[in-house]
Amino acid sequence: MKGKLEPSERERLVEEGKNLKESLVTLEEDLVKLKDELQHVAQSIPNMTHPDVPVGGEDSSAIRQEVGSPREFSFPIKDHLQLGKDLDLIDFDSAAEVSGSKFFYLKNEAVLLEMALLNWTLSQVMKKGYTPLTTPEIVRSSIVEKCGFQPRGDNTQVYSIDGTDQCLIGTAEIPVGGIHMDSILLESALPLKYIAFSHCFRTEAGAAGAATKGLYRVHQFSKAEMFVICQPEDSESFHQELIQIEEDLFTSLGLHFKTLDMATADLGAPAYRKFDIEAWMPGLGRFGEISSASNCTDYQSRRLGIRYRPSEPPQTGPKKGKANLPATKFVHTLNATACAVPRMMVCLLENYQQEDGSVVIPEPLRPFMGGIELIKPKHK
């Protein structure tokens with residue numbers, strides 16, 4: 001076009017340029033759609049699994065260890081619903097009128113017990129070098145997806161906010177995972193270890209029946225969640241650290257529990273390996289899950305864009321004085337429940353009930369309850 005051209009040739013080339021420009025716009029639009037489709041398909045693929053994970057359904061899960069033994073009662077025992085009513089601690093009926101089923105009010109000593117559980121847990125975990133956080137409880141749907149959860153669909157556990165791209169969180173793992181999104185961390189800054197407090201919201205779609213009654217499965221609850229960001233070669237050792245912290249916490253409270261290496265069919269999409277802890281709940285007459293610890297390897301970090309730059313000396317480039325920085329790598333992420341308040345209350349109320357209807361407060365929690373040692377029946 002810059003040279004001498006016949007008018008007809010120049011006009012032909014101008015027309016060809018216009019056509020190319022229009023075609024390019026269409027191709028770019030198609031590319032955006034294809035990228036979105038590819039991302040959607042990619043996000044539906046779960047993580048790989050650890051070679052030692054048992055293959056099969058929940059019944060194939062292997063017991064890592066069992067701690068303690070069930071308490072023997074010399075009197076007819078109550079479940080936590082009856083204890084909560086008799087001791088004026090929990091009100092499900094009023095909450096059902098105000099908010100719907102699977103909501104609850106805590107009252108009197110139960111409120112202090114919730115605060116005590118959370119403050120004691122935070123104090124214990126912080127001793128292990130974990131930084132305390134409180135988090136936003138509303139996040140963008142895209143963050144939920146990148147963490148490996150499905151924010152929409154018939155069986156989703158996530159509450160979505162109509163008319164927005166936002167959701168209520170089901171666990172603090174989601175906003176903590178997003179705090180370092182699209183960032184390159186220094187190797188010297190790793191590991192990053194957090195203990196995050198939040199309220200959690202879950203639809204509990206399809207959850208019904210005696211096995212999920214009372215506080216065991218609810219729509220809103222308080223939780224303290226541990227989260228670790230580390231180098232890939234360290235994630236297995238941090239997984240063991242998280243499980244050990246959980247086991248130490250529950251042992252300190254005198255609970256009878258077992259730790260399970262969960263089978264492949266019971267792993268969520270992000271988990272490379274997951275250990276669940278199930279505690280004995282005598283009033284319900286069964287073990288119930290109170291905690292889990294998952295190693296998600298780089299499943300979440302690839303979607304969230306969390307990388308780190310190794311601190312090895314830069315290599316000299318081909319141009320004199322030009323240094324090449326070492327290539328970035330994706331971090332590994334791990335999460336573990338330190339304290340899910342409702343299920344901990346189920347365990348404590350049912351295991352520490354006395355014949356006279358009172359409930360003993362475990363010794364570690366007493367300093368966090370103003371010295372209260374016993375929840376007594378209230379006589380009018």
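Keep in mind that glycine also has a Cβ here, set from the backbone N, Cα and C atoms.
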**Report entry** Annotated range (TrEMBL: coiled coil) out of 10-44, 115-149, 150-184, 220-254
**Finding:** 10-44
Query raised in the report: Considering the binding-site residues Glu204, Glu225, which residue's Cβ sits among the greatest number of other Cβ atoms within 10 Å?
Result: Glu225
**Report entry** Long-range environment of the coiled coil (10-44) - Cβ separation under 8 angstroms, sequence gap at least 6
**Finding:** 1, 145-146, 148, 303
Requested in this report: Determine, using Cα-Cα distances only, which of these binding-site residues is closest to Glu225 (L-serine binding site): Glu204, His219, Ile290.
Outcome: Ile290
Query - Spatially closest candidate among Thr171, Arg202, Asn335, Thr337, the listed recorded positions, to Ile290 (ATP binding site) (Cα to Cα) - result: Thr337
Query raised in the report: If you measure from the Cα of Phe221 (ATP binding site), which of the recorded positions Arg202, Asn335, Thr337 is the nearest?
Result: Arg202
Query - In sequence order, the recorded positions (Thr171, Asn335, Thr337) whose C-alpha falls within 10 A of Glu204 (ATP binding site) - result: none
